[in-house]
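As structure tokens, the structure follows; a few thoughts come after it.
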Amino acid sequence: MKEANLLIDLRGEPGINCNGFCKFCYFRKVNKNNPQPFGCRYCQFTVGCDYCMYSVREINGDFIPLPFALMELQSSLLFKRYSKVNLTAGGDVSCYPQLEELCKAINNIGLKIHLGYTSGKGFDNVEIAKNLVDYGVDEVTFSVFSTNPKLRKEWMNDKNAETALKCLRYFCENCEVHCAIIVIPGVNDGEELKKTVSDLVDWGANAVILMRFANSEEQGLILGNAPLIEGIKPHSVEEFKNIVDEIHNEFGDYIRVTGTPLHDPVAGTPFALAKEENSHILERLKDKINGEATIITGNVAYPFLKKIFDETSVNVVKVNKDIADLITAKDLEKLDLKDVKETVFIPPKAFVHDRVAEEILRRDGVDRIVVRGVEQLTLDGEVSGIYTREEALKFEIEAFEELIGMINFFGMKKQ
């Protein structure tokens, strides 16, 4: 059985512990004074908890001191065996002041290291990358944006752009490297994007995920900070999917290409079950449904779920929010309840208190049962890159079997 990775969160905050905000950062322009809670699945009796008030805004405080990180490491190892340590942070891991010392200490214990999501903005010397590899770093997740240092300086606030890219190249030559590129229309798309991915292929990167830029509340900026950049109109979901396909078709033989919110051309996600080639599997799943329910989702998942539950006793309705996990109480308030059945499934990670969701969805006098759905029905491009087509389909089958079981348990039975 594969041993799990130990996650060590070094804390820190975007904009403070990352050498300054990138222009496109999801957390830029967020007002951290007197944050108001959204409500979420972790809230107890009242609306508001650490997660939906502070964590969602990455209000974490400064980096934790090195002794605290080592103490967390040692205490975790008392109870479970791990093969690798995943270093992550609310700030940028590369900006952690004792990163080399921490990695050296982890290496002395005999564990390998994954540098979680980093932009490399804290690396001011390529020797740092070499030392980290010597200290056991064998996997890196790197936010690239572009291999053009001028674009990194302008859009990522990267004062060490050339050095950061040299470090990235060294990591690519010596580690497993997964790269991320937030794609902004007219800035780093088109030929710039192809040049960046071509460089990553030449350097030896293992995978690249293209991430659609969000610039409005319905696209996912729920923290009151939209727009991030005035005058930029993000790609539509379909335009973005076409970009992912184009990059995959040109470079997919040399590097794994995925996209979020759409899609993974190799794994066939999200919602591989909606593909015609899997219709026979879908029909078998549909035959197991004997309850009635409504599923509330977002713009991206809606056409897939609508197709999956077509001609069943389950209907799917959407709110005007691209990503279902970012649905808030405000979105639910705009729903026309005439299409909502007596059992309602909301996304498990939706930012709404359970009691508030019930009040909103019962405002027409119908005493509806409100249930949070299955944790993950499909694989997003951020995680699907390590799955084969068969593994991704198996994941979805198991997830939908769980959901159907919940529908049959909570849903009003068909007459």
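All residue numbers here begin at 1 and follow the chain in the order shown.
For all residues, glycine too, the Cβ spot is worked out from N, Cα and C.
Annotation comment: Swiss-Prot describes Cys18, Cys22, Cys25 as [4Fe-4S] cluster binding site. Within 10 Å of the C-beta atom of Cys18 ([4Fe-4S] cluster binding site) sit 25 other C-beta atoms, taking all shown protein chains into account. Classification of Cys18 ([4Fe-4S] cluster binding site) by DSSP places it in coil, neither helical nor stranded.
Annotated domain 'Radical SAM core' per Swiss-Prot: 2-256, in sequence order.
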Cβ-centroid neighbourhood (8 Å) of the [4Fe-4S] cluster site, Cys18, Cys22, Cys25 excluded: Pro14, Gly15, Gly20, Phe21, Phe24, Phe27, Arg28, Asp92, Ser119, Met156, Asn157
Over all shown protein chains, what is the count of other CB atoms within 10 A of the CB belonging to Cys22 ([4Fe-4S] cluster binding site)? 24
Find the average pLDDT over the domain 'Radical SAM core' (2-256) in the predicted model and report it. 96
Counting across all protein chains shown, how many other Cβ atoms sit within 10 Å of the Cβ of Cys25 ([4Fe-4S] cluster binding site)? 20
